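Here is the structure we will look at.
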Amino acid sequence: MENITSMTNHSGKSDFILVGIFSQSTHPILLCMVIFIVFLLALIGNIVLIFLIHSDTHLHTPMYFFISQLSLMDVMYISVTVPKMLIDQIMDMNKISVPECAMQMSLYVTLAGSEFFFLGAMAYDRYVAICHPLRYSVLMSRRVCLLLASGCWFLGSVDGFMLTSITMTFPFCRSREIHHFFCEVPAVMKLSCSDTSLYETLMYLCCVLMLLIPVTVISSSYFFILLTIHRMNSVEGQKKAFATCSSHMTVVILFYGAAVYTYMLPNTYHTPENDMVVSVFYTILTPALNPLIYSLRNRDVMGALKKILNMRSVNQENIK
């Protein structure tokens, strides 16, 4: 019987324990309510944005196609981690099985990796729209947009499958406590009792590559965009270009900044508390901020929203 128990502990078949952010808080109930409200705002904001883009024909352009894909990612992204965290707090449970942990990790890494590439694709779209407006319909045709979107999802899926399959094959014979509120790769790797230095180096190189490609595309795109804006004679055109690009750059800085901290900084810069704070920022706050950034600062989206609200008010008056 002791041998069976020992094999279970070393094979990693027993449940993990998520030591989440609520255990670090002096007011866990208040924090739970705040996170729940932010979660609802993120869901509602992104779903409304997706609905507006698909219902208004004026928004059937490559830029809004990519924004709708980003909103879809954010809905899935926040749904992978937050509901489990809130339910555990309400039910006073903090366990997660190995298959559930692997599924959560796979989905999370896939969505994060896909979003890296999507932000690069969105920067390229803005580059073509501003620097080559006459060729925009050809260079960003529906076929090209679908190929770019499929490529982003595929590369994210490869990253998720690769990192998850390797991470979960390591033996976990130390404490079963994951000092995080979800199964993030670095937090799970700390529980392994084998030498993971080679894998951590390979994971670092993989993350550098995944960040380097989109960052190169984004940097190059905005370099040429800024040159083109500087040469514009139209003040109105400059303002519109700056508004669109600044919204995208805000999202890029928020998302990539958190990713660099989590996956590229040495372990000496990391503590469980800081890791959880940064993760809250880009897994909960960023999905809630994205629809605000892309709607409140966008006249076309606000116009589509007003049109829908006006139609509903007219229909209600007709019914009365």
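A Cβ is built for glycine as well, from the same backbone N, Cα and C atoms used for every other residue.
Whatever TrEMBL says is automated annotation, not expert-curated.
Feature annotations, courtesy of TrEMBL:
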type	residues	note
DOMAIN	45-294	domain 'G-protein coupled receptors family 1 profile'
TRANSMEM	28-52	transmembrane segment
TRANSMEM	64-82	transmembrane segment
TRANSMEM	102-124	transmembrane segment
TRANSMEM	144-166	transmembrane segment
TRANSMEM	202-229	transmembrane segment
TRANSMEM	241-264	transmembrane segment
TRANSMEM	276-296	transmembrane segment
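With pairs at least 6 apart in sequence, the transmembrane segment (28-52) and the transmembrane segment (276-296) have 3 or more Cβ pairs within the 8 Å limit; the two touch. If you look at the transmembrane segment (64-82) against the transmembrane segment (202-229), you find fewer than three C-beta pairs under 8 angstroms, all six or more positions apart, and that falls short of contact.
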